[in-house]
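S.K.: Feature list, courtesy of TrEMBL:
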DOMAIN    9-428  domain 'Major facilitator superfamily (MFS) profile'
TRANSMEM  7-31  transmembrane segment
TRANSMEM  109-128  transmembrane segment
TRANSMEM  140-157  transmembrane segment
TRANSMEM  169-187  transmembrane segment
TRANSMEM  199-218  transmembrane segment
TRANSMEM  239-262  transmembrane segment
TRANSMEM  282-304  transmembrane segment
TRANSMEM  311-331  transmembrane segment
TRANSMEM  337-362  transmembrane segment
TRANSMEM  374-397  transmembrane segment
TRANSMEM  403-423  transmembrane segment
Amino acid sequence: EARRQRRLLLVVVCVALLLDNMLYMVIVPIIPDYIAAMRGGGGTAGPSAPAGGNGSGGGNRSLLPARYPPASGGNEDVQIGVLFASKAMLQLLVNPLSGTLIDRVGYEAPLLAGLAVMFLSTATFAFAENYATLFAARSLQGLGSAFADTAGIALIADRYAEEPARSRALGTALACISFGSLAAPPFGGVLYEFAGKRVPFLVLACVCLLDGLMLLVLAPPGGTGARANMPVGTPIHRLMIDPYIAVVAGALATCNIPLAFLEPTIANWMKDSMGASEWEVGLTWLPAFFPHVLGVYVTVRLAAAYPHLQWFYGALGMAIIGASSCLVPACRNFGQVIIPLCGICFGIALVDTALLPTLAFLVDVRHVSVYGSVYAIADISYSVAYALGPIVAGQIVHTMGFAQLNLGMGLANVLYAPVLLFLKNVCQMKPSHSERNILLEEGPKGLYDTIKMEERTG
């Protein structure tokens, strides 16, 4: 029963992560109509209208053509960039609080609260009629993600305490994240085109509601008394200054920067440099799902066979990301662009799948085995990249150029890869013991130890 319950909880968490990332990207095909309405165009531009300003909104993943004419200024670009970054910004601010709360109240209640907020956010998206409502819904999603994502990953690490089961479970969650991000634009675009803008959000809201009900049935918050048996977790500020955790967090942020910065900029570059059509721009990222899943599978298998080389898998992934980023500006057609993008996603899969279980292991051996705060730190690392991407990337391209942006991101990953050597001996660490445990295990060796043991056992 316990094994079956944890598998069902894994399904609940994977669905929550899938929903969060689908909601993150499903608005891509719908944003142009809101921009057209704000201009007074009412969203009636023909399907062959050029995609002015589409890049700053991450529109490169949309399978539908943009529905608004080219802008005369960059105000719309700024609005779309801020809209896409608002989720990560709020997530970045809330994560320190959500991690601490998860450590204090357990994993199930924050996960349920996060799903409830995501449901409210999805419903708000469905009935939004202006930019302000969209911005509120997007920010609300960041609040829900700060609880649902962090609590979900921490719950997996807690229920799958042994390796290699923990790596497999976290790898499954990462595959769902990738699938949600890549499948959302065509999902939203097709339903938006044939059923209206509300239907994609209502479908996601219904799935979110069912996922929350399933969690209530499997693990009612506070119903099992599990929180009473949980130790007091290490404060998040102490985890942040742990050098090993800091190295992992830096790697997670650095490896996601190319993806976060390319999403809002690569569409315009493809149109300007190679005359890419709308369908080519829309299909650019879809093939990258397969190497991402392959990277997760390969890393899980290697980690099971050679667990002491987790640091090397992460370093290899960062080297692949760096090389692939540098190759992007050299591409001259649609088919060539797909290859380095697949390399970036494959490398990210190696880094994430190797280092997320490492965070849980570091907490086990160096701190207290409560995982809310440490995965809040991981979520902060992701949020830093995705908060900066939609706002900063376009400005860098405007001032320095697309090629310089990619070379800088690639160089950052290549230079950071050797830093993971610092984690080389992590697998040899032994769990830390409190003074009380040491005294009870070893027995008194002198008068002082005898008195201390009697005080603590008394």
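Just so you know, glycine gets a Cβ as well, placed from its N, Cα and C.
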S.K.: Taking residues 6+ outside the transmembrane segment (337-362), which of them lie with a CB under 8 Å of any CB in it?
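M.R.: Same-chain contacts beyond the flanks: 153, 157, 163, 166-167, 170-171, 174, 178, 242, 244-245, 248, 251-252, 255-256, 258-259, 262, 266, 270, 284-285, 287-296, 298-300, 303, 310-311, 313-314, 316-321, 323-325, 327-328, 331, 371, 374-375, 377-378, 413, 423, 426-427.
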S.K.: For the transmembrane segment (374-397), find every same-chain residue at least 6 residues outside the stretch whose CB is under 8 Å from a CB in it, and list them.
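M.R.: Counting only partners 6 or more residues beyond its ends, the transmembrane segment (374-397) has Cβ contacts under 8 Å with 55-58, 77, 80-82, 84-85, 87-89, 91-92, 95-96, 98-100, 102, 145-146, 149-150, 153-154, 157, 236, 239-240, 245, 248-250, 252-253, 256-257, 259-265, 269, 356, 359-360, 362-363, 367, 404-405, 408.
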S.K.: For the transmembrane segment (109-128), I need the partner stretch with the highest count of C-beta pairs below 8 angstroms, choosing only from 169-187, 199-218, 239-262.
M.R.: 199-218
S.K.: I need to check the long-range neighbours of the transmembrane segment (7-31): which residues 6 or more away from its ends have a CB within less than 8 Å of a CB in the stretch?
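M.R.: Same-chain residues near the transmembrane segment (7-31) but 6 or more away: 57-59, 61-64, 80, 83, 87, 111, 114-115, 118, 121-122, 125, 134, 138, 141, 144-145, 148-149, 152-153, 155-156, 159-160, 169, 172-173, 176-185, 187-189, 192-193, 197, 200-201, 204, 207-208, 211, 214-215, 218-219.
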S.K.: Counting CB pairs under 8 Å, which listed stretch among 140-157, 169-187, 239-262, 282-304 touches the transmembrane segment (403-423) the most?
M.R.: 239-262
S.K.: For the domain 'Major facilitator superfamily (MFS) profile' (9-428), would you mind checking the mean pLDDT of the predicted model?
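M.R.: Residues in the domain 'Major facilitator superfamily (MFS) profile' (9-428) carry a mean pLDDT of 82 in this prediction.
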S.K.: Counting only residues 6 or more past its boundaries, what in the same chain has a CB within less than 8 Å of a CB in the transmembrane segment (239-262)?
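M.R.: Distant contacts of the transmembrane segment (239-262): 314, 317-318, 321, 324-325, 328, 341, 344-345, 347-348, 351-352, 355, 358-359, 362-363, 366-367, 373-374, 377-378, 380-382, 384-386, 388-390, 392-393, 396, 405-406, 409-410, 412-413, 416, 419-420, 422-423, 426.
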S.K.: Give residue numbers and ranges for long-range contacts of the transmembrane segment (169-187): same chain, 6 or more residues beyond its ends, CB-CB under 8 A.
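M.R.: The answer is 10, 13-15, 17-26, 28-29, 61-63, 152-153, 156-157, 159-160, 200, 282, 285-286, 288-289, 292-293, 296-297, 299-300, 345, 349, 352-353, 356-357.
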